[in-house]
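Step one of this worksheet: look at the structure below.
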Amino acid sequence: MLSTDTIYALSSGSLPAGVAIIRVSGPETADALVRLCGTLPPPRIATLRTIRTRNGETLDSGLVLYFPTPASFTGEDCCELQVHGGRAVVSAILDELAATGGLRHAEAGEFARRAFQNGKLDLVEVEGLADLIAAETEMQRRLAIEQSGGGQSALYAGWARRLTHSRAMIEAELDFADEDDVPGSVSAVIWEDVGRLRQEIDGHIARAGLAEIIRDGLKIVIAGEPNAGKSSLLNALARRDIAIVTEVAGTTRDVLSVDLSLAGFSVKLFDTAGLRETDELVEREGIRRARQVIADADLVLLLSEKPGHFRIDEVLPENVPVIRVATKVDRPSPSWAPSDADIFLSTRTGEGMADLLTALQSHLPDLAGRTALAMPSRKRHVDCLRQASAALERSLISSDLELRAEQLRQAGDALGRITGRVDVENLLDVIFSEFCIGK
């Protein structure tokens, strides 16, 4: 059910700031603008206005933009007040809006929710918008742009149209098999396309792991025996002191982490307790947590200050790549052979750091030359795609034409749930809660 309330909120960042943007949306927008500014500005033209209280007291002056329905972000009458970003200025304008009848403060994500309800955005675009606001790396920005700009939705819509066409032809064959204007056997052509569509969906699902790395970061765990230089490496890569570094073995008792940006990708770097047998209770808990983090790693940096001490096989998950890093190589002993490690490093002198960064980048996904990042970025997308693929598989192996048509309908519904065109009411509160108040 669509709301008839008119809502307002600060849509820009935290105060104070050079400029603050206050957004209003709903049927009372035009009246609220007239009360604040005296006259309604021309649609979609930034106009300088003095903003006053009901008693004529000047609150501020700024640019005002008015977007009549339906050509606005929310699809409703909407306006933006671009004013000076002082706390007192913004507070006074918000108080004046609150005192205006028919207006209320917006809830988190309510502007975006109205855009969805009014058909201005689908759910994939809404989620992409949330990701774009939260993006911290270049690859996160590119992935979010692909979704918020409608590229991903266009792909799903194309698949849905193919399913609709297939269903229509099959229904025609079922209902009008005796009619001359209905092809006698469309099944062969239709099911070939359904098979191709299933392959396309499965290929799309296979890229979900890459999207997860882009959104959530590549998990790199620094592991090794106590006093191997793990905390020093964490500090060196982070370029600031995060972990305590001493010559005492077992200093790190808990898992420490830091977020980095590497070649446009988000990287989550974990420093762990040294792996050894110990009776000390707190250190044992730290080692247990270290093993847990290693089990979830995308890449392990295995450190040792001595040749032949790269021992982690008992806790390393299958198929997780390992880079063996020889540490403290600025010391005169021990002596390392070239085959003893992959990287030879000294965090004190910086020797080997460039080689390590190059090695880390080689484990990042290769997206060179790819202009679009069409891939499912959320678990719910993958779940719906798997449901669609499973329904298509059932349709391909079934012998009953009516059952096959029903499986195509289920596949189409699964695709529709991704964009929000089918049965998603229970998801909306979760999705829109990711937004700030003014979005």
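Keep in mind that glycine also has a Cβ here, set from the backbone N, Cα and C atoms.
Positions annotated as (6S)-5-formyl-5,6,7,8-tetrahydrofolate binding site by Swiss-Prot: ARG23, GLU80, LYS120, LYS439. Annotated domain 'TrmE-type G' per Swiss-Prot: 217-365, in sequence order. Marked as K(+) binding site by Swiss-Prot on the basis of sequence analysis: ASN227, THR246, VAL248, THR251. Residues or ranges marked as GTP binding site in Swiss-Prot (evidence: sequence analysis): 227-232, 246-252, 271-274. The Mg(2+) binding site annotation in Swiss-Prot covers SER231, THR252.
Taking the features listed in Swiss-Prot, we show where each one sits on the structure.
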residue : record                                              : CB count, 10 Å
ARG23   : (6S)-5-formyl-5,6,7,8-tetrahydrofolate binding site : 23
GLU80   : (6S)-5-formyl-5,6,7,8-tetrahydrofolate binding site : 21
LYS120  : (6S)-5-formyl-5,6,7,8-tetrahydrofolate binding site : 18
ASN227  : K(+) binding site                                   : 21
LYS230  : GTP binding site                                    : 30
SER231  : Mg(2+) binding site                                 : 23
ALA273  : GTP binding site                                    : 27
Nearest of the binding-site residues (LYS230, SER231, ALA273) to GLU80 ((6S)-5-formyl-5,6,7,8-tetrahydrofolate binding site) - Cα to Cα: SER231
Rounded mean pLDDT for the residues that make up the domain 'TrmE-type G' (217-365): 81
By Cα-Cα distance, the member of binding-site residues ARG23, LYS120, ALA273 nearest SER231 (Mg(2+) binding site): ALA273
Three-state secondary structure, which DSSP defines for SER231 (Mg(2+) binding site): helix
